[in-house]
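J.: Please find one structure pasted underneath; my questions will follow.
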Amino acid sequence: MDLTLLWVLLPLVTTAWGQYGGYGYPYQQYQDYGDDGWVNLNRQGFSYQCPHGQVVVAVRSIFSKKEGSDRQWNYACMPTPQSLGEPTECWWEEINRAGMEWYQKCSNNGLVAGFQSRYFESVLDREWQFYCCRYSKRCPYSCWMTTEYPSHYGEDMDMISYDYDFYMRGATTTFSAVERDRQWKFIMCRMTDYDCEFENV
């Protein structure tokens, strides 16, 4: 390749990479998504909701054995595209109990727009609830599960959705009675751009 052409193209590539952070999202829109933006202290309950019309696209967490084998959490949200429209209803799902493995998707074809959690000293674990929002009568399809986050118990966790066409619908978790920690697999789905008749897919 001609070096002159390379020097002309390099600033353009660098600018595009800086604008999108390599993730398919404008990185600057992740507000407070850093090490000092935790939504909880260790052993503390929390409730986190995305602003209206936004859904969770990133989850970050750090583990502390000495602080009750607990984690601090942080989330990032992004607005949904105009093709989905506005949320027509939002709700808290059923509680997933501490000390147990669980699998849960938002009911009623909802998308994850928040998390709520409470810590239990007796089991050194948390119970969890999803905050879900439904968008008209849109239905999920082409669903898949992410790899495990974190890769090993006790490690830091940093899950970012790389594809704007996929939305978080839920998760499945394992629980280690020895490590007192969880591994998460997030359920990601596309959503139809038209209404459908299925009430819960």
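Including glycine, each Cβ sits where the backbone N, Cα and C put it.
Pulled from Swiss-Prot, these are the listed features:
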{"type": "SIGNAL", "residues": "1-18", "note": "signal peptide"}
{"type": "REGION", "residues": "19-186", "note": "region '2 X 53-55 AA tandem repeats'"}
{"type": "MOD_RES", "residues": "Tyr23", "note": "sulfotyrosine"}
{"type": "REPEAT", "residues": "26-79", "note": "repeat '1-1'"}
{"type": "REPEAT", "residues": "70-75", "note": "repeat '2-1'"}
{"type": "REGION", "residues": "70-186", "note": "region '3 X 6 AA tandem repeats of D-R-[EQ]-W-[NQK]-[FY]'"}
{"type": "REPEAT", "residues": "80-135", "note": "repeat '1-2'"}
{"type": "REPEAT", "residues": "125-130", "note": "repeat '2-2'"}
{"type": "MOD_RES", "residues": "Tyr162", "note": "sulfotyrosine"}
{"type": "MOD_RES", "residues": "Tyr164", "note": "sulfotyrosine"}
{"type": "MOD_RES", "residues": "Tyr167", "note": "sulfotyrosine"}
{"type": "REPEAT", "residues": "181-186", "note": "repeat '2-3'"}
{"type": "MOD_RES", "residues": "Tyr194", "note": "sulfotyrosine"}
J.: Ten-angstrom check, please: count other Cβ atoms within 10 Å of the Cβ of Tyr162 (sulfotyrosine), all chains counted.
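T.: A count of 12.
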J.: Sort out the residues at least 6 away from either end of the repeat '2-1' (70-75), same chain, that have Cβ-Cβ distances under 8 Å to it, and list them.
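T.: Same-chain contacts beyond the flanks: 32-34, 37-43, 46, 48, 50, 56, 58-64, 114-115, 117, 119, 124, 126, 157, 181.
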J.: Within a 10 Å radius of its Cβ, which of these modified residues (Tyr164, Tyr194) has the fewest neighbouring Cβ atoms?
T.: Tyr194
J.: Can you tell me the mean pLDDT for the repeat '1-1' (26-79)?
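T.: Within the repeat '1-1' (26-79), the model's average pLDDT equals 86.
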J.: Quick one: pull the CA-CA distance for Tyr164 (sulfotyrosine) versus Tyr194 (sulfotyrosine), whole Å only.
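T.: Approximately 17 Å lies between the Cα of Tyr164 (sulfotyrosine) and that of Tyr194 (sulfotyrosine).
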J.: Relative to the Cβ of Tyr167 (sulfotyrosine), which residues of the same chain, six or more apart in sequence, are found under 8 Å away?
T.: Val55, Thr80, Leu111, Val112, Pro140, Ser161, Met188, Cys189, Arg190, Met191
